[in-house]
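Database features (TrEMBL):
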type   : residues : note
DOMAIN : 18-107   : domain 'PI3K-ABD'
DOMAIN : 189-280  : domain 'PI3K-RBD'
DOMAIN : 318-478  : domain 'C2 PI3K-type'
DOMAIN : 505-682  : domain 'PIK helical'
DOMAIN : 750-1036 : domain 'PI3K/PI4K catalytic'
Amino acid sequence: MVPAPSCPNTWDYWTSSTSDHVDLICLMPNSVYMPLTVSWDATLQDVKEELWDQAGKYPLFGMLHEMTGYVFQFINSLAVTEEVDDENKRLRDIKPSCGVLLIIERSIERPGEHLLNTHISNLIGKGLNEFDNLKSSEVNDFRMRMRYLAEESMIKRAQSTRLERLRYRCPPRLADSPAVPTTLTSHLNNNCFILVTKVANTEFSFTTNVPVSRTPQQHIDTILKKKVNSLNMRGEDPRSYVLKVCGREEYLFGKEPLIQFLYIQEMLAKDGVPQVMTVSMDKLTLGCDTPIERRQAPPDYSNTIRKKKNHHESSWNIYKNYTCKVESVSGLNVDRPVEVVCQAGIFHGGKALCEAQKTEVKTASKDGVAQWDKELTFPIKVYNMPRMARLCFVIYEITKTKGKRRGKDSKDSINKLAWANTMIFDYKEQLRTGGLTLYMWTHVADETQGDDWLLHPLGTVVSNPSTDSCAALQVCFSNFDCQYPILFPKHETVKAYADDIELGSPDVIARLSRDFEQLRVTAEKDPMYEMHEQEKKDIWASREYFRVEAPELLPKLLSCVEWGERAEAASVARMVAGWPMLRVESALELLDYAYADAAVRSFAVKCLAEIRDENLLLYLLQLVQALKHESYLMCDLSVFLLQRAYNNMTIGHFLFWHLRSEMHVAAVSVRFGLMLEAYCRGCQDHINTLMRQITCLDKLKWASQCVRKKKEISKARAALHQHLQEQHCIETLCDFVSPLTPSLICKKIKPERCRVMDSKMRPLMLEFENVDPTGADIRIILKIGDDLRQDMFTLQMLRIMDRLWKNAGYDFRLNPYNCISMEYAVGMIEVVDDAETVANIQKQSALFNAASTIYKANLFQWLRKQNPSESGFNKAVEEFTMSCAGYCVATYVLGIADRHSDNIMVKKCGQLFHIDFGHFLGHFKQKYGFKRERVPFVLTHDFIHVINKGQRVSGGNEAVDFKIFKEHCETAFKILRKHGHLILSLFSMMISTGLPELRSEKDLQYLRETLVMDLSEEKALEHFRLKFIEAVKNSWKTSFNWAFHNIDKNNRQ
């Protein structure tokens, strides 16, 4: 019998062992068991050489072949068998379970499928065998269909040209229009801009004045002609060259003019000179997926089930009330006998379709078992049941509250224990019948609710995967005395029925025709406006008017539908089939949780079909969250996101990380895991890049854990330098794509330039050498312990605000730096160069004390020192003024809280920007029961001093520069308010994220108050002016608070 390995089988053995060596158990191919002690830093090649050296001392050595004919196999941390082909990997990196290695013969053919599955399992963070173990037909069908989709993508890519492959791997970043943005006209000279073009592999570079209409190909032609004249050489074909951005893997090619490329626009906006390089297409490594055999497309399962089951009944022919039987529950989390009730409700898009029903009170044993055997009958007919209806259950305890009768359902006497949801129709459109076990979720305080405070209709319809530790509810669904399967009618049947009933009452239409404009005003109110029942009926009756005159109001129209009425639900399918295409902003709103209907969501995805890649990236965060609102795995949104990711590696990169960052959430781990598997199968040439990023992230997490054990910051920094200089770190932390910006490639880490930041979570400031020698070093902050999803969302909203302002002709110089959440409480943040916190600027005063902190000239003097020339200083003040206006309005609207001098920074060029967005929507911090922030937005007296260019103003008069600043703030506010629907919709789509400060529609009330959507523009502007005056009046209080903050926390690093 093989003895147990001596290494302890603990989860942290490989990360916390104090020993330099590890004991391995090696199972040789000649059936010999060999114990081996090696360095835990050894490579697999070292292990193999040591094994063959020791094998000569054991029996049956002669049965072994040359050691290159064998590979290692082991059980990884996911309990999946993994085969390692790369023997440069180290033991400490692969971490074989229990230190057991199996040596097997190398296959003659490359074990492609097995190796691919292993890689995908590692990327997802869970073994693919877990999907098999679910034994779910829906999961299996989805995997089969996604595999076909992935293979079709690979076949298409294998047949693509080199230029098409470049477009896939390094897609050009383009603005929506070739027209010169209004904000850039002042940066042009006679409609031209300066462009520096370097010639690859030579010392030549050309600085040219480029007209805005010139395309990349025309520019290459011009440069190559100059090169020929300069070097007296033979001409080259311009079509074999592309323009590469210096310092990054970004390329300018295609028919669009150079001015349409975002790189050019970004450089011009900050008064920089764009620098590009001519690169031969033949020198680019573009890769290509291995051609594969085309599979037969899987059939549509709704048609398949109808063919298999020739005899079936339509749910529209069932005129009985919907019923289900609640049998029993087991595994409730109780430690004593308690009185419990099971309540159930039917919902559609978070709205109740009928009154909820409940069982009588039963006593659950201390083991958590209760028996009801109660049939619940709901006041809704089966024929009225919409396709996307869901049945929601909750089990709650009736507590014996003094002064209240038992069972009186007041909130005070109820303790929610567990909940579960399930779809009434399954993914094959078949009405659920028979018994079902629902594994329930534990209630969490402040969970997202729909119409019902007790039930949880917006929660997942997936059973809790932790079946051994959760409550299990046994229910039985009625078959309504039908011997055949009951199916929801086909789409054609629904549409034909809607055509028959879509007549409308002439009297009603005549009456409403006089009120159309008033109805339109009502429909144009913000999404959170509660309409009266009569308003809903009138708007729904006027749907043809809205289709012709105001199609963008479709979301408000759909909120008027009575989904529990078959006629209205059927009319929706007919209506959206003929509805005009919507703008992206309106289409996004239809993917919110409130719109569950499949036809509506399909129409929304159809509207997104033509969205440009850059705009898709802008809204990708919300689209990933919208997947949580889908009722079934197979949906148009999943297919849309995967297809766009298959065609654009940058989209694929961010889709991968947005999905992977929430794999720890049990409710979405199956859906997101399946999406990740589908992406990896369709983009196999991206797998190695992603694996390198995860390997580097794991190494950096290990380094972070090591330094966080040091209490003193000086010892932590010394430990970091020591760890990063170890050979295994140097070997790992090299040649990987930056997760923050996929166009940047890190060549190697620079340990001497890395440091531990002095804050609670001890984030790491990391610096890497750029693989492109023409580019600057790449600086990244690794943060572990904080949930960066709120920061990521806030920064996305700042980007959207920046886009809205620029589209209106205003550039408020925002700096929405990159931020990405990668795992639970693990993420990366971009470092903004040449910037300093306001606190550190104030502390650079000759004598640091409370008086110097309040002294308003510190910031003004610092800016003058950074910009010594008069023109440079005036430009810096302008940058400061514009950026201060933008951030004042943005932080006011979003309710960004916890603002102090350590999370507001200023760049040397004058641009102000905010960092650290841990609190928003007005969740202001309190100290000793008082709010620390008493102003609507940050506008301190030293900021005003810079805006006024140091001029003293007396007699209560405003300086001219400050009046201009105030006008900028008002303009910025009016533009955001004009797009208030979009802002509210984007926040609403993020309710499902689980952010602690965005759990329900109640949290959106703050946005309604700041944007004052219910007022006219004139009244709204008056309201904003009052807030502005309040901020200016109390600016000294903010400065005073900052003074104490600076003295209390000296974070000068």
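Each residue, glycine too, has its Cβ placed from N, Cα and C.
On the 0 to 100 pLDDT scale, the domain 'PIK helical' (505-682) averages 92 in this prediction. Below 8 A, the CB atoms of the domain 'PI3K/PI4K catalytic' (750-1036) and the domain 'PI3K-RBD' (189-280) form 3+ pairs separated by six or more positions in the chain. When the domain 'PI3K-RBD' (189-280) is classified with DSSP, helix, strand and coil residues number 30 helix, 30 strand, 32 coil. The DSSP breakdown of the domain 'PI3K-ABD' (18-107) into helical (H, G, I), extended (E, B) and coil residues amounts to 25 helix, 32 strand, 33 coil.
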